[in-house]
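Below is one structure, written out as structure tokens; comments come after it.
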Amino acid sequence: MLGVGQSRYSTDRASFLSMKLLSNLLIDNSYLLVLAVGMTFVILAGGIDLSVGAVVALVGLATARLFTAGLPLPVVLVVGVLIGTSCGLIIGVMVQVFEIQPFIASLAVMFLARGLANVVSTNSLAIDDPGFSALASWSLKFGEGRGLWRINASILIALAVLLVAVYLLHYTRFGRTVYGLGAGDRGAAVQLMGLKPARTRVWVYVISGTCAGIAGILFALYTKSGFNLTGIGMELDAIAAVVIGGTLLSGGVGFVLGTGAGVLVYGLIQVLIAREGLDSWWTRVFIGAVLLAFVVLQRVIAVRRR
């Protein structure tokens with residue numbers, strides 16, 4: 001895809017592959033990066049979280065309502081993130097304590113979050129808080145002319161979340177437990193190693209919910225509004241980015257940095273489709289084809305390793 005873009009859209013004055021392209025991809029998909037990072041934890045542990053798109057919508061509308069009520073910016077941001085954390089905790093408890101399948105548990109919370117979003121408002125709510133608007137418009141600019149690119153607050157937050165995830169998954173006891181849970185024996189092997197699978201199984205959903213809360217804030221920064229229909233299908237975009245990044249849907253294998261690359265691939269497909277003048281729905285077609293290819297490839301590799 002990079003080769004196609006470079007050959008078709010590079011000129012003598014500007015290259016398709018540039019810091020400007022990378023910057024724009026991150027600005028447009030920072031919320032998806034955070035969402036996919038949280039999803040990586042869940043999938044690595046052998047689970048799934050279908051609620052994240054609805055949580056993004058709920059957080060966006062709650063943010064708009066809280067600003068209308070006169071709450072200060074720090075309080076609104078914290079409450080928004082905690083909404084996501086609470087949703088993740090509910091799923092984690094349902095999965096671990098009541099042994100409900102992750103698909104069913106997260107589906108129930110998805111309906112709950114989407115319903116609450118509709119209760120808050122069925123209309124788009126603009127966010128005009130001065131502090132929030134300043135945060136949304138802030139950026140560091142580099143270069144000049146056509147080579148101008150920038151880093152905004154959303155990029156910094158998304159990259160910070162990614163780096164924290166890398167540390168947790170690859171350099172901590174918690175991360176080893178997450179990978180161990182993906183073995184498919186309900187954590188029996190992990191428990192024999194002296195690790196705590198039950199607590200970790202709850203925590204991966206808490207992390208996913210927290211990331212969904214942060215993503216809801218980032219999407220609100222991106223659109224400066226909240227809307228009850230936001231995030232429909234966003235959970236599938238996050239899952240696609242995780243799988244494209246090399247994480248097995250069966251769990252236990254994958255890297256969070258690969259998820260970051262998967263998000264960039266997703267964004268690049270959107271850019272190429274827009275440049276070709278195709279309908280935006282073609283993005284779903286191409287993502288579906290790429291996802292299918294990656295799933296089949298993963299299966300072939302897994303079979304050959306046996």
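Residue numbering: from 1, along the chain as shown.
Cβ coordinates come from backbone N, Cα and C, glycine included.
Positions annotated as transmembrane segment by TrEMBL: 21-44 (among others).
As annotated by TrEMBL, transmembrane segment applies to 50-68 (among others).
Same-chain residues lying 6 or more positions outside the transmembrane segment (75-98) and placing a CB less than 8 Å from one of its CB atoms are 47, 49, 51, 55, 58-59, 62-63, 66-67, 105-106, 108-109, 112-113, 129, 132, 198, 201-217, 220. According to TrEMBL, the transmembrane segment annotation covers 75-98 (among others).
Counting only same-chain residues 6+ beyond the ends of the transmembrane segment (148-169), those with a CB under 8 A from a CB of the stretch are 18-20, 22-24, 26-27, 30-31, 33-34, 37, 40-41, 44, 135-136, 138-142, 175, 178-179, 211, 214, 218, 221-222, 255-257, 260. Residues or ranges marked as transmembrane segment by TrEMBL: 148-169 (among others).
Within the same chain, residues 27-28, 30-32, 34-35, 37-39, 41-42, 44-45, 47, 49, 51-52, 55-60, 63-64, 77, 80-89, 91-93, 95-96, 106, 127, 132, 135-136, 153-154, 157-158, 161, 174, 178, 181, 230-231 sit at least 6 positions outside the transmembrane segment (202-222) and bring their C-beta atoms closer than 8 Å to a C-beta of that stretch. Per TrEMBL, the feature transmembrane segment maps to 202-222 (among others).
Cβ atoms under 8 Å from those of the transmembrane segment (242-269) belong to residues 1-2, 5, 22, 25-26, 28-29, 32-33, 36-37, 39-40, 43-47, 162, 165-166, 169-170, 179-184, 283, 286-287, 290-291, 294-295, 298, 302 of the same chain, restricted to positions at least 6 beyond its ends. The transmembrane segment feature in TrEMBL is assigned to 242-269 (among others).
For 281-302 (among others), the entry in TrEMBL reads transmembrane segment. Among residues of the same chain six or more beyond the transmembrane segment (281-302), those with a C-beta under 8 A of the stretch's C-beta atoms are 237, 240, 243-244, 248-250, 265-266, 269-270, 273.
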